[in-house]
Amino acid sequence: MISQTFYCEMLSSLTRAMLSSSSPPPSSHLLLTHSSHCLKTPNLSHRQCKQQKRWTHGSQRASRVVAYYGLKEPPYKLDALEPYMSRRTLEVHWGGHHRNYLEGLNKQLEKSDILYGYTFDELVKATYNNGNPLPEFNNAAQVWNHDFFWESMQPGGGDMPKLGVLEQIEKDFGSYTSFREKFIEAALTLFGSGWVWLVLKREERQLKIVRTSNAICPLVWDDIPIICLDMWEHAYYLDYKNERGKYVDTFMNHLVSWNAAMVRMARAEAFVNLGEPNIPVA
Amino acid sequence: MALRALAARKSLAGSGFQRILGARGLQTFSLPDLPYDYGALEPAISAEIMQLHHQKHHQAYITNYNKALEQLDAAIAKGDASAVVKLQSAIKFNGGGHVNHSIFWNNLSPVKEGGGEPPHSSLGWAIDQSFGSFDALITKMNAEGAGLQGSGWVWLALDKELKKVVVETTANQDPLVTKGASLVPLLGIDVWEHAYYLQYKNVRPDYLKNIWKVINWKYASQVYEKESA
């Protein structure tokens, strides 16, 4: 389905650069099937691209301007999170749900005239349309959310955050224990399907715990997500059935990747001034 | 998992047994029995799902609903308006969950007790009028159920004002009346993932296709006839 002409890879975050998958298949997010020249002249691009199409022979598909997104693999093997999250769950969650959202999104983008050339973050914000989400939002946001989720976990995760992240947590929540309690409570009192996030709020320059329903992602409020937890039933049902509490505990104890959190905080600090560094006097 | 007697079946007409509790007479709720075995709906819905769904999920809604009601009672007695308002979402969610699931158990019945047999007489007639044919209704409900984002329910309802049957969806555990005060639920299908995940995984359309084999149209017809009289 993805054309053989050249593609341009746009990596939208430091995280992705650092956590790039070691195995071959599509790890990039944005594949263009036509010259990127088209995108630089947005006023005419649409029409111009369509006119240029007539000159090529070969399949129509190869010369139309479309944006396809590839399915990103989690940065670990599917059984690497055992016994806390089974391989079966990863297979169905990533290979089924996540893949379906992505394929749905690509199908929708095929028909869309205006939604191309975006980085993934921008696509989520654009389709959110300031609170009036377009039909593509659900798929786009869910793909983003799940990508973020896989990267928020690691084999041998859990434990405690360190260094800057720990300092910031202690500053904004009092202590790690207090943060952990609040996070778990937020997860357990979520009604219906949704996500729990630790985000850095730009204006308030603070870490906050945020809950979202269904597919909503804090990107749309311009927050910077640090870690997230999927509270849709499909995320835990095969392993924990109805025991949400156990799932959330296990996530905090054994799965959450504070390394990923550190990378994201480091990047976030480029955008949010969290305070002066401690420079020793002499 | 024992067979349930006819007496128990009648008790499902309300919302489960109600106990009087406390000086003000606060009624609390308890888990209604299923009118069939957990395994009676196989292979459409597995026994494991039925047991978890009934004993864990529905029970949790009831427990939390009772808790919320007690807290509400206390807040009303104290005249604490903001506490009363704060409890509303918990009541809507857990109370709705209890109401919806109580209807749901009645909407299902084993094949050997008539599950899956299409409706005749007045309800069948009304369906043909509103949707063209029985199959068209199934197709529509399956489409709405599969297309529902997140968690929720898909309903076949009688609109008492318009005097016709309609298909509606509700999110999370919102009861049908939140979509219209004149709507009476005839059939509800739970499309929360817990209702099908262990058996059908992420293939919700398969679950929807198969659940029709155990739908209790007799109950739906009874409700329809009573409410449209």
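Quick reminder: no glycine exception, Cβ is built from N, Cα and C everywhere.
The Mn(2+) binding site annotation in TrEMBL covers B:H53, B:H101, B:D190, B:H194. Per TrEMBL, the feature domain 'Manganese/iron superoxide dismutase N-terminal' maps to B:28-109. As annotated by TrEMBL, domain 'Manganese/iron superoxide dismutase C-terminal' applies to B:121-222.
According to DSSP, the domain 'Manganese/iron superoxide dismutase C-terminal' (B:121-222) comprises 53 helix, 25 strand, 24 coil.
A Cβ within 8 Å of the Cβ centre of B:H53, B:H101, B:D190, B:H194, the residues given for Mn(2+), is found for these other residues of the same chain: B:H54, B:H57, B:H58, B:F104, B:W192, B:A195. Chain A comes within the C-beta cut-off of under 8 angstroms for the following of the binding-site residues B:H53, B:H101, B:D190, B:H194: B:H194. Around B:H101 (Mn(2+) binding site), the C-beta neighbours below 8 angstroms that are at least 6 residues distant in the chain are B:H53, B:H54, B:H57, B:H58, B:Y61, B:D190. Of the binding-site residues B:H53, B:H194, B:H53 has the largest number of other Cβ atoms within 10 Å of its own Cβ. Remark: secondary structure over the domain 'Manganese/iron superoxide dismutase N-terminal' (B:28-109) totals 63 helix, 3 strand, 16 coil, with classes taken from DSSP.
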